[in-house]
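Participant: Residues annotated as domain 'EGF-like' in TrEMBL: 35-75, 119-161, 600-637, 641-679, 764-803, 1256-1290, 1332-1374 (among others). Feature annotation from TrEMBL assigns domain 'FAS1' to 203-336, 346-474, 805-933, 1520-1653 (among others). Look at TrEMBL and you will find CYS583-CYS592, CYS608-CYS625, CYS627-CYS636, CYS645-CYS655, CYS1197-CYS1206, CYS1241-CYS1250, CYS1260-CYS1270, CYS1429-CYS1498, CYS1453-CYS1474 tagged as disulfide bond. Residues or ranges marked as domain 'Link' in TrEMBL: 1407-1500. Under the heading transmembrane segment, TrEMBL lists 1671-1690. Among the features that TrEMBL reports, region 'Disordered' is placed at 1711-1758. Look at TrEMBL and you will find 1717-1732 tagged as compositional bias 'Polar residues'.
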Amino acid sequence: CLCVHGTCDNGIDSDGACLAGTCRDRSTGRLCDKQTSACGPYVQFCHIHATCEYSNGTASCVCKAGYEGDGILCSEMDPCVGLIPGGCNRNAECIRAGVGTHSCVCQQGWTGNGRDCVEINNCLLPSAGGCHDNATCLYVGPGQNECECKKGFRGNGIDCEPITSCLEQTGKCHPLATCQFTSSGVWNCVCQEGYDGDGLLCYGNAAVELSFLSEAAIFNQWINNASLQPMLSAASNLTILVPSQQAIADLDQEEKTFWLSQSNIPALIKYHTLLGTYGVADLQTLSSSDMLATSLQGNFLHLAKVDGNITIEGASIIDGDNAATNGVIHIIDKVLVPQRGLTGSLPNLLTRLEQMPNYSIFRGYVIQYNLANAIEAADAYTVFAPSNDAIENYIREKKVTSLEEDILQYHVVLEEKLLKNDLHNGMHRETMLGFSYLLGFFLRNDQLYVNEAPINYTNVATDKGVIHGLGKVLEILKNRCDSNDTTIVRGKCGKCPQTPICPFGTKPLSNETKKCIYTLYFMGKRSLFIGCQPKCVKTVITRECCAGFFGPQCQPCPGKAQAVCFGNGICLDGANGTGVCECEKGFSGTACETCTEDKYGIHCDQACSCVHGRCNQGLSGDGSCECDVGWRGVKCDTEITKDDCNGTCHTSANCLLNPNGTASCKCAAGFQGNGTVCTVINACEISNGGCSAKAYCKITTPGSRVCACKEGYTGDGIVCLEIDPCLENHGGCDKNAECTQTGPNQAVCNCLPAYTGDGKVCTRIDVCLTKNGGCSEFAVCNHTGQEERTCTCKPKYIGDGFTCRGNIYQELPRNPKTSQYFFQLQEHSMKELVGPGPFTVFAPLSAAFDEEAQIKDWAKQGLMPQVLRYHVIACHQLLLENLKLAPNVTSLQGEPIVISVSQDTVYINNKAKIISSDIISTNGVIHIIDKLLSPQNLLITPKDASGRILQNLTTVAVNHGYIKFSNLIQDSGLMSVISDPIHTPVTVFWPTDQALQALPPDQQDFLFNRDNKDKLKEYLKFHVIRDAKVLAVDLPRSVAWKTLQGSELSVKCGAGSDIGELFLNGQTCRIVERELLFDLGIAYGIDCLLIDPTLGGRCDTFTTFSVSGDCGSCVSTPSCPRWSKPKGVKQTCLYNLPFRRSVQGCRQQCVLVIQLPRCCKGYFGRDCQACPGGPDTPCNNRGVCLDQYSSTGECKCNIGFNGTACELCWPGRFGPDCQPCGCSDHGQCDDGITGSGQCLCETGWTGRFCDIQAVLPPECTPPCSAHATCKENNTCECNLNYEGDGITCTVVDFCKQDNGGCAKVAKCSQKGTEVSCSCQKGYKGDGRSCTEIDPCANGLNGGCHEHATCKMTGPGKHKCECKSHYVGDGLDCEPEQLPIDRCLQDNGQCHADAICADLHFQDTTVGVFHLRSPLGQYKLTFDKAREACANEAAAMATYNQLSYAQKAKYHLCSAGWLESGRVAYPTAYTSKNCGSGVVGIVDYGPRPNKSEMWDVFCYRIKDVNCTCKVGYVGDGFSCSGNLLQVLMSFPSLTNFLMEVLAYSNSSARGRAFLKHLTDLSIHSTLFVPQNSGLGNNETLSGRDIEHHLTNVSTFFYNDLVNGTILHTRLGSQLLITSSQDQLKETRFVDGRAILQWDIFASNGIIHIISRPLKAPPGPVASRRTGLGTGIFFAIVLITGAIALAAYSYFRLNRRTIGFQHFESEEDIDVSALGKQQPENISNPMYESTTSAPPEPSYDRFVDSDEQQLESGDPLGAL
């Protein structure tokens, strides 16, 4: 709007003029830009910023100072416009300070007065650029610096804290440590399980650490030979003194032979092992008299000190304090040899028996049967040796010539060292003969027996066992008849020469093997090999007792030794039998030892016929009868009725008739005597009545008895057997105990082996507590109950539990054959084999390093790392069988390795032979070779003495054939970017000169065109990875590398025929030269130019159009149009001049060049993406790609091919040419691109095409797998897509082999044998071939805003960036609206006499500020973040607000929440520790989880700050000047003002009074009557006026309490009084009511009163003349006061705040009040420097006394 001091008419049809009646500030006119009063007789109306001035009698309008124009129209002058703005320095800024004024301020980063500015180097200032003590100040430019935390610290440079996170420092962790998130909440290096340390250094037990020390290699071999690793692993507090290899070499040969023998080497090693941990410092504190105990019992080492140097038995420590978890290791320079007679070691078995002469015969038999070796092979043993006498007695009694071998073995218990105290009563142990032959131990009358032999001599110790002497030879008890069930099973089909592999629990049966067919898939290809399958035997032992023995202990059944149940019955024998005899008919008794009642005869089959008598029954009875009293006859069936003996017989006798007719007396049954005298027969008298000795005989009737077994026995009395309590409820023993009968009804319980307890309760001994249960030290032993235990390798180890291996780096030193290769890796700080792999390592034998002559030269030239890498294949774990199928592979060093097979032996480079293979570890496999491999192309890198590389990038490029690319980098200006020290080291990929020359000509034309320099620069940036020196082993990874260009670069491993190769970006580029080192990083040679998918393969062409310039003079021919270029040729033409006809002239011939977008061959689409299969081989050369700019990139495949990139064959076709298979319906074709075309026939069909039916289908035993086919010769062959030996066939896991044939960037999944491929997110295709998706080419600008640019950043990824002059996140862009200084508009609503400062405009972060939780960084959820901002009276910042702050150079490396729920942070300069060098908004995107913890960015609009100018007081919105200025601003006080002004012009005292009112150094209180109280006709004297001003004091209204007395300037007093009514209190000063109070001024305060104060009368004095002059001045003053009142009225009406200063351009010019003497009247606002005018002759303001005392009155000085 053009309207100046009015309200603009802002309608659509308006011209911008002011609305009528809206002009203010004494303005008028259409634009309110004219003054209301006319100037001069011509009635000119001056501009509002002009004054009317008279000169030479003429009035004219003149623009005010600071304005320019003709007075009618004035515009503000801008002193900052011109070639040299305001005369300021070119590094200064001209700032307008007011109307027509300016100041020069040096720009940020420069210092000076604005006229001269000098650059500021912040890094040289005491503050060091505000950088932290642990940061480096980097000078960026004038006043600009960047703070970068020093190595080992992190932060933004302003704050730096030590880096404790291993994630941020690669290579920080020890090779045996991993970077883990610990419980403390940070990432730290943590040693692997089994190792101690802080993660920066990790160490294992002594046995492990010895394997890591190269000087200990030989000593470690001794430990292996002596099998002492378990001792060194398990023992604690050890100090091991290891002789160096030189010390061992210097050892006397005779000593070496003696001590390295199998029997003496343990003593030698123990002699080097101290009991206790002694570091070097600990040894220093010991005295020379101290003795150091060794683990060799009874042996000590002497410590000596010579000149402060320690020696141990004369040996010095050359490498000390090698830490181990259980001690410390020192390398010494001498082998310590103990005295041979004092070794304290126990003798072996034969040696100990030799020392026992009473057992020499037994020793002789041990030697005779060669049993010593078998016994000593066990870990422990117990030998029961019969004495010489015992053996001689046995031979004599048994009438044999010698002891048999099995008798000797029956005296030996293996795997247990049983001391006397271990031989518990009733315990049994298995002998050397096996489980069927047990020894029982019994305690009888305090004598310990083995079976029936007493132990006479106990606990004779040997090195591994114990000997007990016996007084009797043990006879083998053949009471056990265990059965062995043996089955033959087939072992695993494997390589023929190797050790046969039998299933668990079986053993090989001799060396018998059979041929087998093994099917193997490698990299998706099927192959067969003929292997060998061992015969294995599986033996199952069933525990059984022999016939005639029963129970768990196989006790003998009742009866005689060779007649169980006396042959008269069947014994219930067996391990589960009860031992009860079931008698045959007629027999009875416990052991069937007698006949049943009334039976007799040897067969107990004769029945007794006695009727009234006793039968002579039983086995020995004859059936005769002894008659009872009163009966006779053969059968005692005739009753005696007549006493033929006439009473001569005894009462217990019968009278019997003899055959001769005589009668005789015979005692009756049960009695004995001559008949006349009979006595009772005692049936128990003889032989216990026929009862068992273990029975009681009890008489029942005469001649009769019963037998009852004694307590503890059971039976019929005739046979009494000891009660075996073990037969009932297992004798109360635990189920895992053996119950052994030790006497009648007595038994003991002994826990079985592997159990412990009292026998009543047995708990299984945790075998895992002893030697880890036989598991590997790197396995977890799990006690499983009935089964002994299971062994499972620990995490990060692999194996069967008994053998567990870690990674290759750990395994190499454990094997002496490969330890030297490890020591070389260690010496050259190579940690590649610690990585995840997988790797295939050809580890040379340790001896091979001594045989290689070039080793020293390689080491001297720094080439050993390359030699060692040449023995490694990365990305693949190739077993021996895989190697046979891969003739060529590429090493990690980059050179090829040739693999050949001869007589089933694999050779490397036709030189080195694999002598041990398939040592599988967690990250690969080790093959041991017999020679060192020699690469052919070793790269020598020049280095100085400190190891610093002496060649730069350019030098390396020139030396290795990358000159073109190096020149491109230099020409494009990228060299300075690459060499930026902030972002080193770098990794560069160099296309070879040949690769660049091979680019299509049109692509070269496009790339190397000067107009496309920026695009070429982007291509080149895609070849650089910043802030990383990436070794070849680390290049392939799942996460793509971020390039300098910003896009992602992926590195993948080769497969198939490219094993070991490295490819970039989907196998489009191959790395052809590796690890070219230069001073700032590392480079790799590649065979093509990398094409970033976001840039594409562009071959834009240019077309030209001829145009002509304007026709003009041939001398100064008009130039071509700006959008065209001149051809350098002119053409004649005609052109017109103003006053002439056409004139001949010239015109330029011009050309218009238009760039036409076009894709190179093999590329398609808007972004020129590569065709499927790659641009070099589009559609894999098996079809035609629809390429070019407007095409789809689809492949039209040739016949027989299909797939996105024509990478597949039709079903039934095979090979690279996809030719038909030809199999019949009875065969399955091995089809596909990698297929062999072989037909696999169904069972019963043969022939190449499976078209011949066999006469008889073959049969295989054992049967083939369900997924195999039986072939001839009893062989099984796994079906297609299965691998194995035919007996066992498992489905091939194709996804683990070359990703199942899927694309490298595809996900492979398999169900059964069917493989399915699906492209990962960001790619499209059939899965076998995947191409990157360009989301920006979807026709919708990738979803970006219409004012944003879509940029592809990776497959399926894109970034939206708002175009120039727009801000936003790319999805939403709005026009850029830079902050406006609100002070430029109406002074920011501040008072006119206030300085306005827009704090929001001046804020360096434009209202955005960062908040962090008091708990620390990243502790705010989204809701907590919103709350935190609200607590600061702010809101969460939006993305756009943060963008504005970033544009204002806001840099803060700490992510925070934004209003939309996204997380971001701003960066204003590049820093590798902050946003990876990105400048702008580092955006983490919207966070779906609002519970995440971050900081927050808040936004708050800052206020306009108003500050009153110097000499004014107020809050900035209201500013007051001095007392006079405030007085002049009140229209209601003009009468008093006129009086004061008139007084000031009347005398020096008046002028002093006026100066007092303007003096800012003096503060006063002024009482001013309002106009209504001081009439126009009322005058005040000078004394009256000064009576209104207090003397040097400021009194606020609240200070004016009743009774207060104030002293005035006159020296008089004013009395304050007050009155109170119901409504309010009124205060008075000398009776004048105070109507308005506390009107502030910069030098006091004004109170308005109702009427003027009258001063007390002063001394009388004579009056002077001058009345006329006073009247004149009064008239002038009154006129001026009226004008002032009107002016003030308008001002007060315009303003909302009442108390403001008197604006300078509107101030009353007091000097104009007296026209007669204008030059002599002072300006009340600005003190005049002119001399005081002469006094008038008379002044009514001066009292008479003043006239008299004027020269000396002090008031005049005021």
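Glycine is treated like the rest: Cβ placed from N, Cα and C.
The structure displayed is predicted, hence computed values, not measured ones.
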Participant: Please give the sequence-distant neighbours of the domain 'EGF-like' (35-75): residues at least 6 beyond its ends with Cβ less than 8 Å from one of its Cβ atoms.
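Facilitator: For the domain 'EGF-like' (35-75), the sequence-distant neighbours (Cβ-Cβ under 8 Å, at least 6 residues beyond its ends) are 4-5, 25-29, 98-101, 1705.
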Participant: Sort out for me which stretch, of 600-637, 805-933, 1256-1290, 1407-1500, has the most Cβ pairs below 8 angstroms to the domain 'FAS1' (203-336).
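Facilitator: Top-ranked stretch among 600-637, 805-933, 1256-1290, 1407-1500: 805-933.
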Participant: By DSSP assignment, list the helix, strand and coil residue numbers for the domain 'EGF-like' (119-161), in that order.
Facilitator: 6 helix, 19 strand, 18 coil
Participant: Looking only at C-alpha atoms, tell me how far CYS1197 (disulfide bond) is from CYS592 (disulfide bond), rounded to the nearest Å.
Facilitator: 98
Participant: What Cα-Cα separation, expressed in whole Å, is found between CYS583 (disulfide bond) and CYS1270 (disulfide bond)?
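Facilitator: On Cα coordinates alone, these residues lie 59 Å apart.
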Participant: Let me spell it out: take the domain 'EGF-like' (1256-1290), skip the flanking residues so only those 6+ beyond its ends count, and list any with a Cβ under 8 Å from a Cβ in it.
Facilitator: 490, 492-493, 514-521, 526, 528, 531, 533, 1228, 1230, 1240-1244, 1313
Participant: Sort out the residues at least 6 away from either end of the domain 'EGF-like' (1332-1374), same chain, that have Cβ-Cβ distances under 8 Å to it, and list them.
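Facilitator: Contacts of the domain 'EGF-like' (1332-1374) (Cβ under 8 Å, skipping residues fewer than 6 from its ends): 1040, 1046-1048, 1066, 1093-1094, 1165-1167, 1169, 1305, 1320-1324, 1439-1440, 1443-1444, 1447, 1462, 1481, 1483.
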Participant: Near the domain 'EGF-like' (600-637), which residues from the same chain, at least 6 beyond its ends, have a CB less than 8 A from one of its CBs?
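Facilitator: Counting only partners 6 or more residues beyond its ends, the domain 'EGF-like' (600-637) has Cβ contacts under 8 Å with 568, 585-587, 593-594, 651-654, 656-657, 668-670, 703.
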Participant: Hey, how far is CYS1474 (disulfide bond) from CYS1498 (disulfide bond), Cα to Cα, in Å?
Facilitator: 21
Participant: Taking the Cβ of CYS1498 (disulfide bond) as the reference point, list residues of the same chain whose Cβ is under 8 angstroms away and which are at least six residues distant in sequence.
Facilitator: VAL1408, PHE1409, HIS1410, LEU1411, ALA1428, CYS1429, GLU1432, ALA1434, ALA1435, MET1436, ALA1437
Participant: Could you check which of the disulfide-bonded residues (CYS592, CYS645, CYS1260, CYS1453) sits closest to CYS608 (disulfide bond), going Cα to Cα?
Facilitator: CYS592
Participant: When secondary structure is assigned with DSSP, how many helix, strand and coil residues does the domain 'EGF-like' (35-75) contain?
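Facilitator: Summed by class, the stretch gives 0 helix, 26 strand, 15 coil.
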Participant: So which disulfide-bonded residues are near CYS592 (disulfide bond), with CA atoms within 10 Å, out of CYS625, CYS627, CYS645, CYS1241?
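Facilitator: Within 10 Å of CYS592 (disulfide bond): none of them.
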Participant: If we check Cα distances from CYS627 (disulfide bond), which of the disulfide-bonded residues CYS1241, CYS1250, CYS1260, CYS1453 wins as closest?
Facilitator: CYS1260
Participant: Around CYS1474 (disulfide bond), how many other CB atoms lie within 10 A of its CB?
Facilitator: 22
Participant: Measuring Cα to Cα, how many angstrom lie between CYS1250 (disulfide bond) and CYS1270 (disulfide bond)?
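Facilitator: That separation, Cα to Cα, works out to 14 Å.
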Participant: CYS1453 (disulfide bond) to CYS1241 (disulfide bond): how many Å between their Cα atoms?
Facilitator: 68
Participant: How far is it from CYS645 (disulfide bond) to CYS1260 (disulfide bond), counting Cα to Cα, in Å?
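Facilitator: Taking the Cα atoms only, CYS645 (disulfide bond) lies 100 Å from CYS1260 (disulfide bond).
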